[in-house]
Amino acid sequence: MKSQATTICCLILILATEYSQSRFHIRAKDGDKLQGPERKPKTGRTQEKCHGPCSTSSNCSQPCAQHFHGEIGFICNGNKWQKSTETCTSLSVETLFMDSNSASRLSVAAPSITLHILDYQTPEPIRSVAQGIQKNCPLDYACIINAVKSSEATSGNIAFIVELLKNISTDLSDNVTREKMKSYSKVANHILDPAVIPNWAFIPDKNVSSDLLQSVNWFARQLHIQNEPEHIVDEFFIQTKGFPINNNTSERSLRFSMSLNNTVEGILGIIEIPRQELWKLPPDASQAVGIAFPTLGAVLKEAHLENTRLPRLVNGLVLSVILPEKLEQILFTFEKINKSQNARAKCVGWHSRKRRWDENVCETKLDTKNRVQCRCNYTNVMVSFSILMSPISVDNKVLDYITCIGLSVSILSLILCLMIEATVWSRVVMTDISYMRHVCIVNIAVSLLTANVWFILGSNFNKKAQDYNWCVAVTFFSHFFYLCLFFWMLFKALLIIYGLLVVFRRMMKSRMMAIGFAIGYGCPLVIAATTVAITVPGKGYVRRGACWLNWDDTKALLAFAVPALVIVAVNLIVVLVVAINTQRPSIGSSKSQDVAIILRISKNVAILTPLLGLTWGFGIATLIEGTSLIFHIIFALLNAFQGFFILLFGTIMDHKIRDALRMRMSSLKGQSRVAENASLSPTYGSKLMNR
């Protein structure tokens, strides 16, 4: 009996040892390249891709390599099989705690123990992780670190580790100590390595990245800070700091500097709690905890992202902050990862319930080439913040040169236009219609000239620190005077109708002037003021990074685009009606002068209206994300040279103005000759001598 028991004991020992060695062999082999921050974790391996014909949108799957569970999915794209999903995992509950339990499992060899002891190999559900940690390492959670760090960073293992951290945050977040936070962060750090980031794309569940962020934030919320500032976690790809605060604490800040790819130079991130916010706290001590992620932003997937075809790129650290509920506003400083000139920034907060970035909770205080300062609102669902690279902001030297040269030409052209109008005014305003026509030209030139001045002020102001109220003023006056340009064009079309319809023939000039100014300045004032009143309270009037009407949040730009494009359409219809009516024989010779004026106005409107409409049509096209640079260049050209177009087609190409200008010049030359002849005459000389 004793020999039989000994045989059974030996058998158990041999089987358990072989099982442990085989498992250890896998971990050692996989972990050889995972020991330091310079490692490149391997992806899930498969022997070969799918066989058979590859047709569009068809898919297939292959089993994972040996020692992995799950499968790899492929989709046909361009007649080639491309990897789409992967669930290969080598981790399980038993592998997490195998080293911790091996000694106890081998020590049970006794005559009373039968072979069913080997039933521990049966896979357990992931919810049993909590019991395993409580049994093996309840004080620091360190017993799971080696198994995780020695595993291959396949997509399946990443999903497993996120679920592991999620369960720890849910079931084991009571009384989180510094040691527990360190172990928790070591596990998270393993799947945030830059070499691992590409593998996140093949995880079927696209909410895994937001689950990781929410789990870390929730676990850190239960962390207890001592009486002194603490540098709690200092991993390569996740850092945690904290300090105690109360209503007597001076302004406090948490400063992070983290590398993206193991280089010496780090990316800066600063969390600041303003003094006025700390005053809201009770005298009892509280705490603030900050967490920084340099690589998590690359894998955060937004859910239900509307009106966006391209992903919004995170251009800084993701900073999470855990504060007392009474604190509402925080200041952030983000260093830009991409420091190119076109990397305009948007301050955003991550909405944990909606699983997407929210631009409405943050305000951009400063946007320079290297850094961005943000003021953000803190809530229970908004504890993580970062900056996004704006996909529609184009800042190119070519555009700068075009705008600078074009605006200079435009302003000089408009000034010349006003000088010509002043010179020939008395010779070209013979009738009421011609008088009002030139009133329109003058006001169009004045409106565009003023709008260009405000545009220059806004452009130069964008390069400096932004003051919101000043930016609102710049945007309002730019909006107002650009609208005036279009509404005076509309009044030009109404003048054409006036010349054709008998009912308006006896209207007094003063009434026509009143109608003109009501349409030309009154309507734009109503539209611009209404837009401000509706959108400013919600900080949705101006765009972030530019003093112009907002598009992304409130669509305030429609208050300019809709009236402008409607006026373009109306003017073109009026020109078409005039072209038809002027062919009728019913227009007699008594109206020949008015008809000639109407035709000149129509030609002017017919040329300028498409130019203005085309200009702002390209302007609207530039708002579409991913628009080619050529659209921005065309818009810059047309927009910058509008003043030159008005001078050319509204003034110089009008033969009446040219004739009046020649007569004026001849008159001036004649007067100069008379004065010169008079000065040379003997009579004039004798008069001078007699004096």
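Every residue gets a Cβ built from N, Cα and C, even glycine.
The following features are taken from TrEMBL:
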type	residues	note
COMPBIAS	30-51	compositional bias 'Basic and acidic residues'
DOMAIN	244-395	domain 'GAIN-B'
REGION	30-55	region 'Disordered'
SIGNAL	1-22	signal peptide
TRANSMEM	398-418	transmembrane segment
TRANSMEM	439-457	transmembrane segment
TRANSMEM	477-503	transmembrane segment
TRANSMEM	515-536	transmembrane segment
TRANSMEM	556-580	transmembrane segment
TRANSMEM	601-624	transmembrane segment
TRANSMEM	630-653	transmembrane segment
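Residues 436, 439-440, 443, 447, 472, 476, 479-481, 483-484, 487-488, 490-491, 494, 549-550, 554, 556, 559, 563 of the same chain, all 6+ positions outside the transmembrane segment (515-536), place their C-beta atoms under 8 angstroms from a C-beta of that stretch. Taking Cβ pairs closer than 8 Å, the transmembrane segment (439-457) reaches residues 407, 410-411, 414-415, 417-418, 421, 474, 477-478, 481-482, 484-485, 488-489, 491-492, 495, 513, 516, 520, 642-643, 646, 650-651 in its own chain, all 6 or more past its ends.
Averaged across the domain 'GAIN-B' (244-395), the predicted model reaches a pLDDT of 83.
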